[in-house]
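K.L.:
First the structure, which I've put down as structure tokens, then a few questions once you've had a look.
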There are 2 protein chains.
Amino acid sequence: MQLKVQPIDIKVGKYKVVLNTIDAKELGVYEGDRVRIKDHVTLTAIVDFTEDMISPGMVGLYHEVQEQLQREWTETVEVEPAERPKSSRIIRKVMDGFKLERDEINELVKDIVEENLNDIEIAAFLTATYIKDMSEDETEWLTRAMIETGEKIEFSTSPIMDKHSIGGVPGNKISLLIVPIVAANGLLIPKTSSRAITGAGGTADLMEILAPVEFSASQIKEMTEKVGGVIVWGGATNIAPADDKLIKIEYPLSIDPHCQLLASIMAKKGAVGAQKVVMDIPMGAGTKILDAKTGRKLARDLISLGERLGMDVDCALTYGASPVGRTVGPALEVIEALKVLETMEGPNSLIEKSVALAGMLLEMGGVAARGQGRDLAYETLKNGKALAKLKEIIEIQGGNPDVTHEDIKVGEFKADITAPANGYIIEFYNKRIVQTARYAGAPNDKGAGVLIHKKRGEVVEKGQPVLTVYAEKKDKLEDAVKFCRENPPILVEGMLIEKVADLREL
Amino acid sequence: MQLKVQPIDIKVGKYKVVLNTIDAKELGVYEGDRVRIKDHVTLTAIVDFTEDMISPGMVGLYHEVQEQLQREWTETVEVEPAERPKSSRIIRKVMDGFKLERDEINELVKDIVEENLNDIEIAAFLTATYIKDMSEDETEWLTRAMIETGEKIEFSTSPIMDKHSIGGVPGNKISLLIVPIVAANGLLIPKTSSRAITGAGGTADLMEILAPVEFSASQIKEMTEKVGGVIVWGGATNIAPADDKLIKIEYPLSIDPHCQLLASIMAKKGAVGAQKVVMDIPMGAGTKILDAKTGRKLARDLISLGERLGMDVDCALTYGASPVGRTVGPALEVIEALKVLETMEGPNSLIEKSVALAGMLLEMGGVAARGQGRDLAYETLKNGKALAKLKEIIEIQGGNPDVTHEDIKVGEFKADITAPANGYIIEFYNKRIVQTARYAGAPNDKGAGVLIHKKRGEVVEKGQPVLTVYAEKKDKLEDAVKFCRENPPILVEGMLIEKVADLREL
């Protein structure tokens, strides 16, 4: 069918065109079908349908299709029904419980990266793998395919170190300490990190306060070779791009299929050339890992996948039922981390967790003897070498190396949340703390967050401040305080415990 | 956040708004999240994201949201993040393998009908039920919820008869014979039918050649009470509207979860008040039901769901490995059916299948004694009463009752497909026949289709016509012939059998 081109200058993130339902009927294409557009270039696109946006006889070409046609087309183009991509059948195979071959996984990941699949198909794939999981072979192939379909960094020296936190614990600013400790001891650690989606601040959100975080793979390589480490945003690179596209569909479903979780983590590590990796697996109420058994299984799976990929993986099950340190939210967390680097003053939970994990990396990297890693890490923090290294990292990423914790601005609006009764704090709800910080504006408003005065097990008196909420905007502070009053993030011994149904919701 | 309204006059079929990614980040909403729009009306909408279509500070309101705001809004509206609907958690529960409660299923179906769920969520639900199926209780509740969320017809007399074909066999024009046979014997049969999606012509596509097929539920009731039966398009009513919305997502995934199949069929029957129903379950290569075991299981499940709903269901496993009759495609099928009604001339497969199923209905409806149904049906066809009744039905639906098979126009372009060798026809590929008809333009071009001269088991000589392909457009005829040559729909004994891999694709 010859249709007249109508450019639609909207980015939709996929190769899509719009047909009037009358023409679609004539062509015999329905929801989720593809058409082939033939002009000086031939391409396949997913069809959207409209009764009003595009007239019969026209075909609307979204931005991405226009780009693929190099922004040149004749007045009318030939439009014909196209078969579904092979991946469509491969997904069906997963739904039917069959194992995939390696080339099928390659095909599928290629189509995900090239945006040849629609959201419905990717959702079916993720749901099926969530329910049925994948074999070790499949997970390995998936990881390799995710690495191969993106940019890769290859260093000429070794070892290349890396760390990853599974997430789920608020205030986990440890990468700001670990990366400089490791790099200060002569090891290379090209740390890519994420921004928060459901959290109050990812490492990339924090680091952005100190320096730019958006770099290409080759820039990451170059900077790491110069100063030993970087802390950048992985999302700005084209490293394991399949992962971002899967997360976009996982998020609305609130799922993270086990095999995807493994592949996602390990693909990002593999793509930057990491050889020795420490995994931080926070465990406990409010985290992703509710008990030690689940934590150990995840650890074993990560280690085994690492072996298959030629990567040395060590895992640490860490305490995750309370926030790490006493701050949640970008600026507050950066202040806390810098203060430790500058003065060694700060919460024990932050310092101990950081030196323990950094110590593991120092041992794995061969710069500390077995059993000596933690002490070397502590020493590196204490003697200022870690701070000096962080300044180098900040500088090479284009930030101001002279920054101190006093330069970091928090939100100008603040409010105290006080204890409702005398007693011990017996519960601390991570998710409510995070939610409070988010209502206050985190992670988008860098100055928003929560300062924690009292943690689990500490004694409070009625009326004493337990938390201070910071915000950059007055109405956001009000929202956060309102949320906090309605959903108290702490429980003091003797307080009326809320209905279990309520807690379960969070 | 106060955002300036920008109306977008496009129908998207859901309550959706568009935010610039900058504002979305500020609000903390991501892919698949909802926002609450507060103006003189408060509503919840799914968010789409754009970098270019809507400027920061603006919110784009699609057609459906504008309608919900009664097309009146102030210059700026308050936009805030909204929680996900309860159904979102209910879907997660299905994915996690838990059984649903009745009120959860009601909530879910309500949200599907009211378009509160996005495609990703519905795809996850369908994938999960495809993999895990539903219990009998759940399937019953699902069916009832699908009935209750749409229009219902309640007749004051009984019994109300109905028939349904599971589909998958080409040329199944039997409803054009069965409905008038049943109605001519004094029973009421308000037959709603579908249009073809992957087929060459649904009953609604066929009937449309004879009369209009789009009516409301109350018109269906009124017409049925007057003349005993109708043959209308179910899609034009608001009967079991959840079904259409689920099919829109099932189609791209090429799945039809067992529980959905049951609920979909029975909800449409239940909603029109059917009390006694015959199910035609075509079986054999190329149909949905590959063997008798699967067919019997489906029959048992339909009968058992019918019992739960107070509906009397009889099932017939029918031969489906070859087309019914010798025509595939709307006009050709109508000609074949009318010819049988007018002259009793026509293929045995069509006549026998129609009177067998009609006979079952006559017995169930109490107008034929046990074992006498088929003969009464045959007699009704032969003595012209069925034809007279069809004319009444055509007339009441607004068509011309004087139509004869000679008035029906087929496509003016035609081509013969000849036998490639001497011998018996040992295979007949249904899907290739359908595909040929579709390439020729069916079901949209009513005159397009395939006339079958020789069927399985018949002897052909090399060069003798086996099929004639009809089309309304010359280029479509060429496409169909090309497809047919590359994918021969028949196999003559002694012909080189193609690679199994190829056949499996179909």
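Backbone N, Cα and C define each Cβ position, glycine as well.
What TrEMBL says about a protein is an automatic prediction, not a curated fact.
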K.L.:
Can you pick which of B:GLY168, B:GLY171, B:GLY228 TrEMBL lists for the same AMP site as B:SER194, B:ARG195, B:ALA196, B:ILE197, B:THR198, B:GLY199, B:THR203, B:SER264, B:LYS288?
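P.N.:
When TrEMBL describes the AMP site, the candidate it includes is B:GLY168.
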K.L.:
To see if you understand the setup: which same-chain residues, six or more apart in sequence, place their Cβ under 8 Å from that of B:GLY199 (AMP binding site)?
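P.N.:
Counting only residues 6 or more apart in sequence, the Cβ neighbours of B:GLY199 (AMP binding site) under 8 Å are B:GLY167, B:PRO170, B:VAL434, B:PRO443.
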K.L.:
List which of the recorded positions B:GLY168, B:ASP256, B:SER264 have a Cβ under 8 Å from any Cβ of chain A, in sequence order, or say none.
P.N.:
none
K.L.:
Using Cα coordinates, what distance in whole Å links B:SER264 (AMP binding site) and B:ASP256 (active site, proton donor)?
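P.N.:
Per the Cα atoms, B:SER264 (AMP binding site) and B:ASP256 (active site, proton donor) stand 10 Å apart.
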K.L.:
In whole Å, how far does the CA atom of B:ASP256 (active site, proton donor) lie from that of B:GLY168 (AMP binding site)?
P.N.:
13
K.L.:
According to DSSP, does B:ASP256 (active site, proton donor) fall in a helix, a strand, or coil?
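P.N.:
Note: B:ASP256 (active site, proton donor) is coil by DSSP, not helix or strand.
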K.L.:
For the domain 'Pyrimidine nucleoside phosphorylase C-terminal' (B:424-491), what's the mean pLDDT in this predicted model?
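P.N.:
The answer is 92, the mean pLDDT of the model over that range.
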K.L.:
Within the chain of B:GLY168 (AMP binding site), which residues six or more apart in sequence place their C-beta under 8 angstroms from its C-beta?
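P.N.:
B:PRO282, B:GLY286, B:THR287, B:LYS288, B:ILE289, B:GLY320, B:ASN430 - these are the non-local Cβ neighbours of B:GLY168 (AMP binding site), listed in sequence order.
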K.L.:
Which residues in the same chain, at least 6 apart in sequence, have a Cβ under 8 Å from the Cβ of B:ARG195 (AMP binding site)?
P.N.:
B:GLY202, B:ALA204, B:ASP205, B:TRP233, B:GLY235, B:PRO443
K.L.:
Ranked by the number of other Cβ atoms within 10 Å of their own Cβ, which of the recorded positions B:ILE197, B:ASP256, B:SER264 ranks first?
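P.N.:
Ranked by Cβ atoms within 10 Å, first place goes to B:SER264.
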K.L.:
Run through the domain 'Pyrimidine nucleoside phosphorylase C-terminal' (B:424-491) and tell me, per DSSP, how many residues are helix, strand and coil.
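P.N.:
Split by secondary structure, the domain 'Pyrimidine nucleoside phosphorylase C-terminal' (B:424-491) comes out as 23 helix, 20 strand, 25 coil.
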